[in-house]
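Engineer: Please find one structure pasted underneath; my questions will follow.
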Amino acid sequence: MQIDLSSHIVKVYLTLKVENAGSTPTSEVLLSFPPTQADHLATVEALVTKGKRKKTTLVRLDVKPTELPDAPNDAKYFTIYLANPLKSGESTTIEILYLLTHSQEPFPAEIAQSESQLVYYRDSALILSPYHIKQQTTFIKTPSTKVESFTRVEPSNRAGTEIKYGPYEDHPPYSFSPILIHFENNSPFAVVEELVREVEISHWGNLQVTEQYTLVHAGARHKGVFSRVDYQSRPTLNGASSLRYLLARLPPRVHSVYYRDEIGNISSSHLRTDSRKSELEIEPRYPLFGGWKATFVIGYGLPLQDFLFETSDDRRYLNFTFGCPLLETVVDKLTVKVVLPEGSKDPSAVVPFPVEQHLETKYSYLDVVGRTVVVMEKKNLVPAHNSHFQVICLLHLQANLHACGAFDVGVRVLLVFRGLCSLPAHRSFHTQVKHRSIRNKKIANSSKLSLFRLQ
Amino acid sequence: MSNSSTSDPLKPFKLKTKQQELLIRVSILCLVYILAFITRLFSVLRYESMIHEFDPYFNYRTTLYLTQHGFYDFWNWFDYESWYPLGRIVGGTLYPGLMVTAALIYRLLHFLRFAVHIREVCVLTAPFFASNTTLVAYFFGKEIWDSGAGLVAAILIAVCPGYISRSVAGSYDNEGVAIFALLFTFYLFVKAVNKGSLAWGLASAFGYFYMVSAWGGYVFIINLIPLYVLVLLITGRYSMRLYVAYNCMYILGMLLAMQIRFVGFQHVQSGEHMAAMGVFFLMQVFYFLDWVKHMLSDTKLFQEFLSITVTCAVAAGGIALGVGMASGYISPWTGRFYSLLDPTYAKDHIPIIASVSEHQPTAWSSFMFDFHILLFLFPAGLYFCFKRLSDATIFIVMYGLTSMYFAGVMVRLILVATPAVCLISAIAVSATVKNLTVLLRSKNKVAQIGSTKGTSSAKASSKASLDQSQPFPKNGAMALLFGAFYLLSRYATHCTWVTSEAYSSPSIVLAARGAHGNRVIFDDYREAYFWLRQNTPPDAKVMSWWDYGYQITAMGNRTVIVDNNTWNNTHIATVGRAMSSYEDEAYEIIRSLDVDYVLVVFGGVTGYSSDDINK
């Protein structure tokens, strides 16, 4: 078990070697969490290696939250469904990654500008398990060598940025030995309290993305004064824990990027583009210290043919990333709105994880009946949620014209005009979609690969 | 059109000379309309689509409130966020014309399904009205001189820096709309005087109403028009046309203006508006005398009657005014009005008016900066006006002279003078160019046609007279014409340069050149305001010098102690004292004002000279 505390998102890698000690074959493995952790759990993934030696590939396993009636102390469970049932006496290795947010508590809770930020992390030296543990070792990686204190559960020792607990032998189910680590963590605790992403599909060939952020520095609260002169002259010493800039990773071929807030443009941003990705480095108007807030909007346009494709049954689908493009950021509440072109019908969304969905109507430039908006909401997101989702809808030119039959002549003329304007775009879909879809597969593959490299 | 040899297929498209002229005129006007708009967009291109300066932020905030809450809430708005703990009755202390105009444009655009933000509407309101002003200038010029002068006036006013300074994109201030309203009212009134029609008088009354709702400068109209009427009466140009125009405009305009809460009953109660009322009664006396003169055929009897009536009327008026003043029914002139008539008045009596930099007397350099060649063309235009005196030219002469005087007293009133200067200069340019071209043409014609007697007698006589005085009239005319065009082109380049360099800075964002020639942007004001907005409690009270009041309430969304609407001098003085005392004394004052945050601008580190230490 490895716990990575180097940023404010806690990454836990579990390598479980599971043995079926029972008599019947089983395909389910239970994973349990104490309720305090379960609340902050952003994502759980389980993988299993297949193949031998060099040809190993990783296969993702299904993980689902389950309720057990006799759970001690309200422990929460996740069930991992193995691909092949495990026979009696057999064993397999499962790689598990889970991410915890809001799990490092700043102590002291208030610091001045020149102080660095110390945090508590609470966990157990032994993993909470409904099974008997034969042997366990836990490694905890801290961001720097500065560790104020840590709970000793023998055998345990510390070397550099790593604290090692264990190996512990033969513990009964639901063993728990709480540990508390007090260490320095100056990585900015960037938390987006609310993010609204609006993806607007325009048949003029553009995909307009508007993202409204409410950013907060969730670290130790700032105390006393903020001196800009000190901050400017020696930034590493004064304001080590401040949030200076953020990096947003945007899709390639991004254009017309803007970065502004309610009172106007924010001039401190840089955009770097190459053929594979675009990076937008943004600085808030003021450096964020603990407890400080900033709201801002990022917007950009993307070429439509990179994201909109056609299915075999003449429907169109949008393929776009779900999560927040900012790196190393926790999003407490994310709302993704997909604004479909006027006149589109039967929208449905395919998202790889459970989200709340509903429909809205939005009026934009020259709209008559309004545009259908697919709204998806999810809480507690980490960058690992940046997977693709699809919105499928039906869009017929005829439907467009039928819809406007009820309206007066002027409106009809307007719509016909707009329909005519969007005709060339429709035609070009047919030709472009074929090779785009191939490319799309490639992208999907590469995203999978990168996901595996993470483990 | 020009090629007449291939006539057959083009024949239906061939235009007559009159139609050609109309086409040229309309296309020139369209181009001027566009030019006036786009020359004001420098600030948007250089910086961004944002509101400039100080007062526009208040206007923007109120417009936002108007669009969000509707007109009645806006009209009855009590603003707790300014002048803490007094508050401000916003609906009763502002000129709503600008906000209502912007809100109407916003509604219209949304009705037409243009999902624009109200900020963009506010930013572009001033350029839009500047474009409309060029059209009004054209018609005004046409009314007082001819369509040529109108065209030149439209071109001159489109780029004149004196006007651009207050109407670039983002300077969302009353003046941006008010200059349009001012010129429009004057145009309608002159039209009404020329036509003597009730409809035009009614239109001018509505124009006046719009002006009253938009800007406090309406006092200029309500004093200039009576003065003009008085001059016409004295010079014996009294006519029925004047009677209809003035009475209609005054009565209706006054009644309409009373609907604006900030103006209220000032038209009958304030000393500044009494001139109009006096002239109104004088008109009645004149009408009565006219009638009596018509009835009485005996001139001697009439003379006697005249002297008695005039004495009685003047005495009655004087007594009424005296009683009104003494009883306090008619309020005396305000400080700003006094300081206009006597430039030294403000310095001695009302330091807060004198402290504002735009209330200072104008320097010659800024006249030159804002008017360029118009400054020399203005007297020439006056000469032409005097040469061809009519009701309309008398009006423009009076407008020009009075507004020039006021422009000399206060820098900001250059704005009021600009339309008059442009119109009068346009008359000069148009008349000169016309005379020169007539000279050139007649010469050519004479040379070509020879003995034909087609030329009119006026042309012939002018040619004859010029022939006598000058040896090379044609060459001289050509040289003068080139000189005129050279000067005008210099004017155009100067205007563009001034607009881009001097008048297109939002003054909130400062731009400078870095060591490597790159553009460095100082955005510290907005940084501070946005920090206040995001990281202070919503009911926090912020103290600062009054300059920043409007910006703190608009961008920081926090309560301020004083702001740019300097209506309570005691309050301002208290804050000023707190700002300039020693810290422990200041702390007491600040505590007594229940202040949570103090905003101080310090430019010592970056070398920004206009900070609070410099106040």
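Including glycine, each Cβ sits where the backbone N, Cα and C put it.
Please treat TrEMBL annotations as automatic predictions, because they have not gone through curation.
Annotations for this protein, taken from TrEMBL, read as follows:
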TRANSMEM  B:22-42  transmembrane segment
DOMAIN    B:26-424  domain 'Oligosaccharyl transferase STT3 N-terminal'
TRANSMEM  B:89-109  transmembrane segment
TRANSMEM  B:121-141  transmembrane segment
TRANSMEM  B:147-164  transmembrane segment
TRANSMEM  B:176-193  transmembrane segment
TRANSMEM  B:205-231  transmembrane segment
TRANSMEM  B:243-262  transmembrane segment
TRANSMEM  B:274-293  transmembrane segment
TRANSMEM  B:305-330  transmembrane segment
TRANSMEM  B:367-385  transmembrane segment
TRANSMEM  B:392-408  transmembrane segment
DOMAIN    B:541-598  domain 'STT3/PglB/AglB core'
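Relative to the rest of the structure, where do these features sit?
Structural biologist: Long-range Cβ contacts of the transmembrane segment (B:22-42) within its own chain (Cβ-Cβ under 8 Å, at least 6 residues beyond either end) map to 15, 126-128, 130-131, 133-135, 138, 147, 151, 154-155, 157-159, 164, 167-169, 495-496, 499-500, 503-504.
If you take every residue in the domain 'Oligosaccharyl transferase STT3 N-terminal' (B:26-424) and average the pLDDT, you get 89.
Outside the transmembrane segment (B:147-164) by six or more residues, the chain places 25, 28-29, 32-33, 35-36, 39-40, 130-131, 133-135, 137-141, 179, 369-372, 374, 414-415, 417-419, 421-423, 425-427, 429-431, 433-434, 491-492, 494-496, 498-499, 502-503 with a CB less than 8 A from a CB of the stretch.
Residues 97-98, 101, 125-126, 129-130, 132-133, 136-137, 139-140, 143-144, 163, 166-167, 200-201, 203-204, 207-208, 210-211, 214-215, 217-218, 220-221, 225, 241-242, 244-246, 248-249, 391-392, 395, 399, 415-416, 418-419 of the same chain, all 6+ positions outside the transmembrane segment (B:176-193), place their C-beta atoms under 8 angstroms from a C-beta of that stretch.
For the transmembrane segment (B:205-231), same-chain residues at least 6 beyond its ends with a Cβ under 8 Å from one of its own Cβ atoms are 95-98, 100-101, 174-175, 177-178, 181-182, 184-189, 242, 246, 248-253, 256-257, 259-260, 263, 267, 272-273, 275-276, 278-280, 282-283, 337, 394-395, 398-399, 402-403, 406, 416.
Note on the transmembrane segment (B:305-330): residues 269-271, 274, 278, 281-282, 285, 288-289, 292, 296 of its chain, located 6 or more positions outside it, place their CB under 8 angstroms from a CB of the stretch.
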Engineer: Could you pull out which residues elsewhere in the chain have a CB under 8 Å from any CB of the transmembrane segment (B:367-385), counting only those six or more residues past its ends?
Structural biologist: 156, 160-162, 165, 393-394, 396-397, 400-401, 404, 407, 414, 418, 421-429, 431-432, 487-488, 490-491, 494-495, 498, 502
Engineer: Looking only at the domain 'STT3/PglB/AglB core' (B:541-598), how are its residues distributed among DSSP helix, strand and coil?
Structural biologist: 33 helix, 7 strand, 18 coil
Engineer: Which residues, given as numbers and ranges, are at least 6 beyond the ends of the transmembrane segment (B:274-293) yet have a Cβ under 8 Å from it?
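Structural biologist: Sequence-remote neighbours of the transmembrane segment (B:274-293) are 222-223, 225-227, 229-230, 233, 238, 242-243, 246-247, 250-251, 254, 267-268, 302, 305-306, 309-310, 313, 317, 321, 330.
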